[in-house]
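Colleague: To start, I am sharing the structure in question, which I have written as structure tokens.
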Amino acid sequence: MSEDPSLTYTSYLALNEILGAQRPRSAEHDEMLFIVIHQVYELWFKQLLHELAFLQRCLADGDTAHAIRTLRRILTVLKVVVAQIDVLETMTPGQFTSFRARLDAASGFQSAQFRELEAVLGRRSFAHFPADPQARARIEAAMSRPSLFDSFLTYLAGEGYDIAGDRRQLLLRVYRDDAGPAVVAEHLVDLDEGIQEWRYRHVKMVERTIGDKSGTGGSSGAGYLRETLFRPVFAELWAVRADL
Ligand code: HEM
Ligand SMILES: N[C@@H](CC(=O)c1ccccc1NC=O)C(=O)O
């Protein structure tokens, strides 16, 4: 294989596309930050989906070491995306208000990748779905595949556990054995906590930036978002904590 002399930093990273994709709709200074932050989010969502698909393959293959390594990477990315909220919180309510009307009805509700992430993690609801047919098809496909918790159970079966009986007893046994599967389970709890952390930080950002205004996506705003805080992804893993 010979080198491609035309390959450069710029062409390899498709920077002309990426750096040409910030198109503010107003002349307000802060709109650039708003766009860039969301684009960075969507790139990390893409990476998370890529890693989650790999994680599900690792679990299907019974590859504990790779599953744990992949989970660690996912958790590290999640920490970065939660920390990013700090940057957006440097924007004052007045600065956001200066261009908010130009967002029209666009809203985080329409993030197809966020809904796909939720679908991989087990969401099976069609509420607040993006309208784009291609996006819907991707999310529906994710909802028709096994969830991450389904993959975890299949993995446990491969590790010799009986997954047909009482779920609670099964998880307690996994934790008692204190082996690879228990480490995987603990990382799934970390993942759940990380997502709840993102939701909490997002709500606080919304409360401080728009108060109790309703959302551009048509919801009540912070009130709607607060209700999403109490929905753990892996409820069964939380339900056994008291007995561990
Ligand atoms: C000033 C910053 C932000 C404000 C004021 C804000 C506000 C809101 C509001 C009010 C909603 C509820 C839906 C609606 O009616 O519009 C929402 C949903 C959402 N936002 Fe944001 N948001 C901000 C930044 C972000 C960022 C940086 C992301 C990262 C991708 C994001 C992702 C989402 C997602 C995924 C939802 C849907 C959540 C769900 O249904 O569980 N938002 N946002
Ligand atoms: N829903 C927000 C607007 C908003 O934050 C937004 C608008 C367009 C694209 C992404 C957004 N971010 C998250 O909801 C609002 O009601 O102000």
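Backbone N, Cα and C define each Cβ position, glycine as well.
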Colleague: Which single residue out of ARG100, ARG167, ARG168 does TrEMBL record at the substrate site shared with PHE34, ILE35, VAL36, ILE37, HIS38, THR216?
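Modeller: The candidate from ARG100, ARG167, ARG168 that TrEMBL ties to substrate along with PHE34, ILE35, VAL36, ILE37, HIS38, THR216 is ARG100.
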Colleague: Could you tell me the maximum Cα-Cα distance in Å between the residues recorded as binding substrate, namely PHE34, ILE35, VAL36, ILE37, HIS38, ARG100, THR216, rounded to a whole number?
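Modeller: Among the residues the record ties to substrate, max Cα distance equals 19 Å.
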Colleague: Just checking: which of the binding-site residues ILE35, ILE37, ARG100, THR216 have a C-beta under 6 Å from ligand 1?
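Modeller: ILE37, THR216, by Cβ distance under 6 Å.
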Colleague: Give the subset of the binding-site residues PHE34, ILE37, HIS202, THR216 lying near ligand 2, defined as CB under 6 A from any of its atoms.
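Modeller: Near the molecule: THR216.
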Colleague: Could you check the binding-site residues HIS38, ARG100, HIS202 and say which one's CB has the fewest neighbouring CB atoms inside 10 Å?
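Modeller: Comparing Cβ neighbours within 10 Å for the binding-site residues HIS38, ARG100, HIS202, HIS38 has the fewest.
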